[in-house]
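All remarks here apply to the structure that follows.
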Amino acid sequence: MSTPLPPPIPETTSAPPAPPANWLRRRVLGPLLSLLRQGLSPSQLALTVALGVAIGSIPLLGAITTVATLVALRLRLNVAALQLISHLMTPLQLLLLIPLLRYGARLMGNTQKNELTIAHIRHLFSSDWRGALRLLWQAEVGAMALWLLGAIPVVLVLYFGLRPVFKRFVKERQVA
């Protein structure tokens, strides 16, 4: 006697694997969206992004981490999110550093004779290191003033521009 055959197994079609996400989605949007899911309000996230962009472009090398941490703690924002966004702005910081230092030196009364160039700074350090430090100090103070003047409107535009975007995203996530 033959044994009855087992019932056929229904064929399951598995979905093809998702294509690998691009760098922007994987490194920037993914972490930001996961932070939004962790309880940051849309306003807090918009403020975090806006301040992160501004802090990330500060014309003082090595200051991003300290400034971002202090601002995040003071405003009770997510420190990791502010650090992430600030450090993603490093290419912008490097791009703006030399022009801001040059214009900052002019703003602080530096004459064309004392132009802020690598050759001039090398010459000053070899002949008058105090003059070189004074020139760099004046350039940095002027650069910080220019950065502050530019950062205020950037933060305002980004904050008020991103807040509705993040609010709409939260509504879409609640519906889904």
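Glycine is no exception: its Cβ is also placed from the backbone N, Cα and C atoms.
Heads up, TrEMBL stuff is auto-annotated, nobody curated it.
According to TrEMBL, the region 'Disordered' annotation covers 1-20. The domain 'DUF2062' annotation in TrEMBL covers 32-173. Residues or ranges marked as transmembrane segment by TrEMBL: 45-73, 80-101, 141-162.
Among residues of the same chain six or more beyond the transmembrane segment (45-73), those with a C-beta under 8 A of the stretch's C-beta atoms are 32, 35-36, 79, 81-90, 92-93, 96-97, 100-101, 104, 140, 143-144, 146-147, 151, 154-156, 158-160, 162-163, 165-166. Taking H, G and I as helix, E and B as strand and the rest as coil, DSSP gives the domain 'DUF2062' (32-173) the counts 119 helix, 0 strand, 23 coil. Here the domain 'DUF2062' (32-173) returns a mean pLDDT of 89 for the predicted model.
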